[in-house]
Amino acid sequence: MGELVNKCSTCLELGHLNQMATQTVHGAQFAARVSNCETCVEINKKGKCREKNKGVVLESDYHKSENSSFVHSVINMVGMLIGLGQLSTPYALEKGGWSSAFILVGLGMACAYTSYLLGKCLQEDSTSKNYQDIGEQAFGRRGRIIASTFIYLEIFFALVSYTISLSDNLSLVFAGTRIELPWLHLSTTQILTVIAVIVALPSIWLRDLSSISFLSFGGIIMSLLIFSTVGSIAVFGGVKANKSIPVLHLSKIPEISGLYLFSYAGHIVFPNLYKAMKDPSKFTKVSITSFALVTALYSALSFLGAKLFGPSVSSQITLSMPPHHIATKIALWATILTPMTKYALEFAPFAVQLEHSLPPSMSSRTKTLVRGAIGSTLLLLILVLALSLPYFEHVLGLTGSLVSSFICLVFPCVFYLKICWRRVGIAAKVLNVMIIVVGGVFGITGTVSSSRSLIESIQRAHSR
C-alpha cells in the first residue's frame, strides 16, 4: 500500500528561502515563520503504519512552498555555505602548504556529491522534510536522535567559535582602551566581550521570527563585506602579495582538514532547500554550481591571504590586515557584528523544540519566560567557554572534525546506502564507502589533533 494518509492540520514545508539570505547553516532553517504541526501518519510501501515525530516544520512568511527558482536556490545555498570558515582558510592553507588546496577542492567536490545524496534520499520518501527526517528514514528513531545530537553539537560549538571571534576582533577595534573593574577580575577585552554579549542577549527572547530573518540578512551582508575588504587590501592597502607558501606540512593536515570541513558545513539545511525548489530535479545543478562558486571563492581568498601575510597570517584573516587601513576597520566591525546577529538564529531550533515540549496548559507568557531564561543561561555558558578557551583555530578545527565531518560526509553516504542499497550500483557503493572512510579518517585524526593542540594551548596559558 503506497498511499499516504495525512491527518495534519497545518503540516507545512519550508518555503521560499529568498526572504532569509542566511549566512549560517542553522539560521536558515529557522529564520522563517514556525507553524505547529499535528501528527502526520504515513502508510508506507510495506503496509506498516509509521508515525513521524511531532516536530516543527517551517514555511516562510510570505511565500508558499516549492516556488524557489534555480537562481534563488543557488544564491541561498551559497549564502548558507559562506560563513565563519572564510576567516580561517588563508591560515589553513599557509599552515598545510599550498598543496593542501587540493584537499579544499576535493572536500568541496565530496560535499557537493553528498548534498546530491540527500536529495536522492528525499525522493524516496515524500514525507521527509529535513535532515533529521532522513536519519529517521534510514535508521528509525535512533537515526533521528543521532542526527539531532550532531546538529545541536554543531550549533553549540559554532556559537562558541563566533564568540571567540567576537572577542578577538574587539581587542583590535578598541586597541588602547582600558577598562578596569575592581570587583571583576577580567581583562579589557573580556569585559568588552561580556558587554557585547549582553547587548545581543535580548535577541534570544524574540518570538517574532521575522525579526530573526532580518538579523539573518544582516549576517550575510557582513560576510560579503569581509571578503570585499580583504581584496581591497591587496589592491589598495600597500601590502604586497609576495610571501612564499610552503608546499606541504603533512603533520598539519589533520587539524586544518577540520577548518576546511567547517567551511562547507551546510548540509542540515539542504533538505529544506530541496523541498522549497519549484523544480527539485535541478537540485543537483544547484549543488554543483553553488559548491563550485564557494570553492573558487575559498581558494582565491586562501591563496590571497597566505600570499599577503605568509607565516604571520592569523587564524582569522581580519586580525592580519593593516590596523589603520579603512578597509580593515570595516572588516573588523563586520566580524564583530556578525556573531551578534547569530545568537538568535542559532538558538532558534532549540528554542522552538523547547517551547513545544512545555505543557500545553502553560500560558504563552510563561513559555516565553522559560524559553528566554534557558536561552540566556545557555548563552552565558557559551560566553564563559569562549572566554576560557580563546583559541579560535583549535575550537573551529575541532568543530569541523568532530561534527561537520560526519554531518557533511559520513552521514549522507550512510543514510543513502541504507535507504537505497538495492538500487545503488557497485561503483556508487565503492565511491560512498570511500567517502565514509575519508570522512571518518579526517574526523578522527582531526579531532585528536585539534584536541591535543587545544589542550597544549591551555597548558601554555596556565604555565605563564
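Cβ coordinates are placed from backbone N, Cα and C, and glycine is handled just like the others.
What you see is a predicted model, and the numbers here were worked out from it, not measured in a lab.
TrEMBL lists 67-448 with the feature domain 'Amino acid transporter transmembrane'.
Cβ atoms under 8 Å from those of the transmembrane segment (74-93) belong to residues 17-18, 20-25, 28, 68, 100-101, 104, 158, 161-162, 165, 220, 223, 226-227, 245, 256, 259-260, 262-266, 269-270, 273, 286-287, 289-291, 293-294, 297-298, 301-306, 308-309, 313-318, 320, 335, 338, 392-393, 396, 400 of the same chain, restricted to positions at least 6 beyond its ends. Positions annotated as transmembrane segment by TrEMBL: 74-93 (among others).
TrEMBL lists 99-119 (among others) with the feature transmembrane segment.
Annotation source TrEMBL lists transmembrane segment at 145-164 (among others).
Sequence-distant contacts of the transmembrane segment (184-205), counting only residues of its own chain at least 6 positions beyond either end whose CB sits under 8 Å from a CB of the stretch, comprise 163, 166-167, 170-171, 174, 177-178, 212, 215, 336, 339-340, 343-344, 347, 351, 368, 371-372, 375-376, 379-380, 383, 386-387. Residues or ranges marked as transmembrane segment in TrEMBL: 184-205 (among others).
For 212-236 (among others), the entry in TrEMBL reads transmembrane segment.
For 256-274 (among others), the entry in TrEMBL reads transmembrane segment.
The transmembrane segment feature in TrEMBL is assigned to 286-310 (among others).
What TrEMBL records for 330-352 (among others) is transmembrane segment.
Taken from TrEMBL, the feature transmembrane segment applies to 373-392 (among others). Here the transmembrane segment (373-392) has long-range neighbours at 88, 156, 159-161, 163-168, 186, 190, 193-194, 197, 200-201, 204-205, 315-316, 343, 347, 350-351, 354, 453-454, 457-458, meaning same-chain residues at least 6 beyond its ends whose C-beta is under 8 angstroms from one of its own.
The transmembrane segment annotation in TrEMBL covers 398-417 (among others). Beyond the ends of the transmembrane segment (398-417), by six or more residues, the same chain brings 85, 107, 110-111, 114-115, 117-118, 120-121, 131, 134-135, 137-139, 143, 146-147, 150-151, 153-154, 157-158, 161, 254-255, 257-268, 424, 429, 432-433, 435-436, 438-440, 442-447, 449-451, 454 to within a C-beta distance below 8 angstroms of the stretch.
What TrEMBL lists as transmembrane segment is 424-444 (among others). With a threshold of 8 Å between CB atoms, the same-chain residues lying at least 6 positions outside the transmembrane segment (424-444) that come near it are 110, 113-114, 117, 254, 257-258, 261, 401-402, 405-406, 408-410, 413-414, 416-417.
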Notebook entry, point to check: Per the definition of 3+ C-beta pairs under 8 A with sequence separation of 6 or more, do the transmembrane segment (256-274) and the transmembrane segment (330-352) touch?
Noted result: no
Notebook entry, point to check: Other than its close neighbours in sequence, what residues sit by the transmembrane segment (145-164), given a CB gap under 8 Å and a spacing of at least six beyond its ends?
Noted result: 24-26, 84, 131-132, 134-136, 139, 193, 197, 265, 268, 338-339, 342-343, 346-347, 349-350, 379, 382-383, 385-386, 389-392, 395-396, 398-399, 402-404, 406-407, 411
